[in-house]
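**Q** Features from TrEMBL:
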type: TRANSMEM; residues: A:18-40; note: transmembrane segment
type: DOMAIN; residues: A:67-258; note: domain 'ABC transmembrane type-1'
type: TRANSMEM; residues: A:71-90; note: transmembrane segment
type: TRANSMEM; residues: A:102-126; note: transmembrane segment
type: TRANSMEM; residues: A:138-158; note: transmembrane segment
type: TRANSMEM; residues: A:237-258; note: transmembrane segment
Amino acid sequence: MSSVLFDAPGPRTRRRIAVVNVVGALVVLGVLAWVIWGLAQKGQLTAAKWNPFLTETVWADYLLVGLWNTLRAALIAIVTANAFGLLFGLGRLSQSRLVRGVCGTVVEFFRAVPVLIMMIFFWQLFSYVPGPWMAAPPFYGVVFGLTLYNGSVIAELVRSGVQNLPRGQREAALAIGLTRSKSLRLVEVPQALIAMMPSMVSQLVVILKDTALGYIITYSELLRSARLVGSTFANYVPALIVAAVIFIVINYTLTWLAELLARRLSKRTAGGTRPAELTPADAGE
Amino acid sequence: MGGYLADMAELLGSYNLIGAFWVNIQLTFWSALFAFIIGTVLAVMRVSPAPSLRWAGATYVNLVRNTPLTLIILACSLGLWGQLGVILATNEAGRVDITSNSFRLAVLGLSAYTAAFVCESLRSGVNTVPAGQAEAARAIGLGFGQSMRMIILPQAIRGAIAPLGNTLIALAKNTTVAQAAGVVQAASVMATMIEFRPDLMVAIFLVIALGWVIIVLPIGLVSTYLSRRLGVAR
């Protein structure tokens, strides 16, 4: 491995690294064994706790229903968040100072407020204000919270996507006689969107993870149905482990897809296509 | 309108909102501290020359980063405490002190989660240092320790300020998820207030949101200032 931190190792260092490697592996295995032993001691590894996951009911009546609710909220939110993000991202690039100011305030506001706070607010709003949403306030709470928060993050992606393009792109567009707005619409935004694509796929991971906040506002998503399995079959710990595995498999696949896209698309834009690094709640600029 | 404002003032007077936000700030402080310690250990593992440590660090980061925080916090309170009987706080009588136990379990979950992102922030800081810097340090005769201390780490730490700032902001906002462990803080007080006075819902939301803007904005400004001031221009 080439790193700024290390010289190419000589024979003595290689021996030392080998020793550290073996000791490290033993420590890791030790920790794993301790966790498994602990779970076994508490009777968490018995067949009775795990067999329910081999039955059809647990999947058909609980986990798949929850997974569907998770995916449904996430898919709708990604569409609405992208619409919101595109609108306000372009607003922040507007030539009018007023539009820029308003869009900037909206975006900064929704980025500063925790998603859960927004979800709780909309959940309660939709249970008091009459309308079609009264049938499912938790669902609308989740979708609105996710849309406003992730839409604001995407707005920043749009803005930084356009601003990261080389200046020559706009200069060339203006030179061949396009107006500012035409240059934006025909030359800059399409490239920025392609440059953003990997970051947007990473943002999907954030949205999918954040649907689990719906658990707190009683939306019956995957985590809530896993908890229901736990209370029905008295196997909370295995149920949470299974839910975690499902989340990890889906998100890991999406992350992999983001990297694949970044490699595939890099030739189609003058801006970079590296997917944004995930931070705990958002994929920042 | 005057009546509305008076109602709102009375409502704010009967709930300890400052105290609720103080819980979020305390959660942020302790979780940031532990997350920084665990995250540093993970980052060292991930850049170490021993493959087993690198692998263990990468596995931890990839598993935790792809798991919802709500699930991790719930696993701490429902799994560790409820099922496995892990107790982190007792009162004088030797019984579980439910309030501080929930608080500590939430800190545990938040730290374990945030550590993965701290690790990646630190690692991205190391990655901002071009390999040529290390080669140049070696070429002018500096040893490993010297080039680390004088050339590489100062640049790596400065490169990590901006992502660490983002991580801290996200952590502050994520403390609301302690709700899943039953910790009473700003999110729960907001829910209670709205349940009590649904007619003041919008005003309550705006007050709570303003509280978050007040907490989050300074962190962002300081980290942007520091990363501009100390950042290494390339």
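For all residues, glycine too, the Cβ spot is worked out from N, Cα and C.
Predicted automatically and left uncurated, TrEMBL annotations should be read as such.
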**Q** Using a Cβ distance cut-off of under 8 Å, indicate which of A:71-90, A:138-158, A:237-258 has the most pairs with the transmembrane segment (A:102-126).
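**A** Going through each listed stretch, the top one turns out to be A:138-158.
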**Q** Could you pull out which residues elsewhere in the chain have a CB under 8 Å from any CB of the transmembrane segment (A:138-158), counting only those six or more residues past its ends?
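**A** Result: 69, 73-74, 76-78, 80-93, 103, 106-111, 113, 115-116, 118-126, 189, 192-193, 196, 199-200, 203, 206-207, 210-211, 213-214, 217-221, 276, 282-285.
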**Q** Which residues of the same chain, at least 6 past either end of the transmembrane segment (A:237-258), have a Cβ under 8 Å from a Cβ in it?
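**A** That would be 39, 44, 49-50, 53, 63, 67, 198-199, 201-202, 204-205, 208-209, 212, 222-223, 226-227, 229-230, 275.
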